[in-house]
Amino acid sequence: MTILRTLNPFLYWAQNEQNVYLKVDLMNVQDPKINIETKSLEFECQGTGAHGNNRYSFHLDFYDKLNTDKTKFNILDKHVTFLLVKAECDWWPRLISQPQKPHWLKIDFDKWQSPEDMNDNEQVGDLLTDHAGILDRLQKEEIGYRKEDSRLVYLTCYNFIMYLGFLYVCVVLSMKVLKDGNDFFPKSFETVGSVMYILQAVQFLEVVHPILGIMKGGALMPLLQTVGRGFILFFMLGCEPRVQVEPVTFFLFFVWSAIEIIRYPYYISQLYKKDNKILTWLRYNAWIVFYPLGYCCEMIILYKNLILIDQSRKWSMELPNAFNFIFNFAFALRIYMLFIITPGIITLMAHMNKARRQKFSSKGKLKQK
């Protein structure tokens, strides 16, 4: 004789001041036995859950009393939902009377209800906005940390690591040029080029962050900056050793790094809502000097590559060839210099100028108040 085990299904709950919402994660529920009292709920049925087709049950002793006359439940194909009305309007610090929560009882912080489950006037409120303190504590009990904490930790680590990387480049370049003078310029790429490769590759994450919602803002400005820098670093410098030894490479790396050792600490301060006056001033003013300098360095590198490419016909395609196609890379590079990088730096500087005006004008308004 086979005896079916009685198992506990996964149970998800949420609340507002008036109601408690439960969702029993079981499909194909049959022979349900439900008993709702003022401070308890008993549930048993045959259904399909985490342990397959089996007999499932649970018993809950609630934190406070319910109004059993208004309680509702709904048996659906994929789950069972309960609308439990509280006897007194208040936020419960937990669902059950016991401090120790069973492993199968889960907190669902999303608005898991659909229009088929409950009426429109029975939707769960926005816990994050209305009761952030309760949300914090419940989420820490459930998974050990608040969801926002993981994003904060990731962005803090990312910005701090990038800051250290560019600070390393800045310090090494400064110390080497102070020690060796102009003799160090041809060795700049050899000394820090590999580090710049890594940092620039990682910076492409800054295009992904806004798309995934990890950071606020759009992806266009990070895309313009990272793609532009990547083209200069990986193609114009990485593929042309004769340009790597030019003094302009040193100045380009130094300017890029100087911008970033201001930007990343500023981002960290904003993550923790700490307004550092020096960092803020540098973030919204230093670009006025560094962006034009960086643009000039990039244009010089492009021009030097253009001369060499014109002579060597590098990366160009001439007839006859298998594709029956002509491509003049030198001409494409001229188009890039005139119609892409120049409008790009203008767009980037206009964006920074707009952000600068907004930042300092808002501060001025606050002071006037």
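Glycine too: its Cβ is placed from the backbone N, Cα and C atoms.
Sequence annotations record features per position, and here TrEMBL assigns domain 'CS' to 6-96. Positions annotated as transmembrane segment by TrEMBL: 152-175, 250-269, 281-303, 323-350.
Within its own chain, the transmembrane segment (323-350) has Cβ neighbours under 8 Å at 221, 224-225, 228, 231, 287, 291-292, 295, 298-299, 302-303, 305-306, 309-310, 313-317, counting only residues six or more beyond its boundaries. Long-range Cβ contacts of the transmembrane segment (250-269) within its own chain (Cβ-Cβ under 8 Å, at least 6 residues beyond either end) map to 155-156, 159-160, 162-163, 166-167, 169-170, 173-174, 177, 184-185, 188-189, 192, 196, 229, 232, 275-276, 279-280, 282-283, 286-287, 290-291, 293-294, 297-298, 301. Per-residue pLDDT, averaged over the domain 'CS' (6-96), rounds to 90.
Secondary structure of the domain 'CS' (6-96) per DSSP (helix as H, G, I; strand as E, B; remaining residues coil): 3 helix, 57 strand, 31 coil.
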